[in-house]
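Trainee: Encoded as structure tokens, here's the structure I'll be asking about.
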């Protein structure tokens, strides 16, 4: 009877009923704990609930695995695509770096042309200054100088037809306080003053200004504010005072043509050009050592009794406290 009930019922009700029957002694304990070897036919009663549970668990696990497999497949495919895209990107970056290196190498000659272009720019500026003055002071003169002067004074500008002036006459008008010369003409004349007319003496040796010579030498020197930059200023100043800028420029270019470094070329100028031999360096008055360019600090030395430029002494810095330091190369 109770076997039939066990087969029909299952779940908590069956468990409670079995417990009650065991407590009251209506069901023998041996009938519940079946000996598998002796009573294989009763395995169905005891294992029936567990077999259902086991089936449900297995089915749930199988469903979970079935659900995860496509997701894992998608993740794997996505990672594969990401790795492939990253590899292509790395290859593209490497190719771009190679192209940039090639482009940089190709542009290096153009960078070296910068110095030549700078020199041409200065030459063109002088040519423009000459042209400005030429237009203002020469041409088909149809009026006298007096008429031109009257027109300038009245209209504050040159007449439409340019008047022909000699350079010396124009210089005399500019120097004469009673004569009126337009500002534009004066400016053009000052710009032209940086050049000189070709003669038998300076033919093939075009005049160069101290500013242009300084810029040319600066273009060859590395860094900024070094002792050699200071030496360039001293050389240009002394060369301008002695009207030997052309000689200094020629000496500098000759040293470079011989393969000397720019620094060596500057030193050769101080030893070969007579105006620098046995000449004391200039004295520069400063407030403190901090006013000296940082690049020159390591080249400062206590000033000797009689320093000379051709012995490597560029200049002397005299501070307010009376201390004097020499710039030595």
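Cβ coordinates come from backbone N, Cα and C, glycine included.
OK, Swiss-Prot features for this one:
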- 84-112: coiled coil (COILED)
- 194: phosphoserine (MOD_RES)
- 195: phosphothreonine (MOD_RES)
- 199: phosphothreonine (MOD_RES)
- 204-329: domain 'VP35 IID' (DOMAIN)
- 298: ubiquitin cross-link (CROSSLNK)
- 306: phosphoserine (MOD_RES)
Trainee: For residue 306 (phosphoserine), which of the three DSSP-derived states applies: helix, strand, or coil?
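Mentor: DSSP call for residue 306 (phosphoserine): coil, neither helix nor strand.
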Trainee: Give the helix, strand or coil assignment DSSP yields for the residue listed as 'ubiquitin cross-link'.
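Mentor: The residue listed as 'ubiquitin cross-link' sits in a helix per DSSP.
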Trainee: What is the separation, in Å, between the Cα atoms of the residue listed as 'ubiquitin cross-link' and residue 306 (phosphoserine)?
Mentor: 21
Trainee: Let me check the 10 A CB neighbour count of residue 298 (ubiquitin cross-link). How many other CB atoms are there?
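Mentor: Here the count is 8.
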Trainee: Do any residues at least six apart in sequence from residue 306 (phosphoserine), in the same chain, have a Cβ closer than 8 Å to its Cβ, and if so which, in order?
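Mentor: Counting only residues 6 or more apart in sequence, the Cβ neighbours of residue 306 (phosphoserine) under 8 Å are 280.
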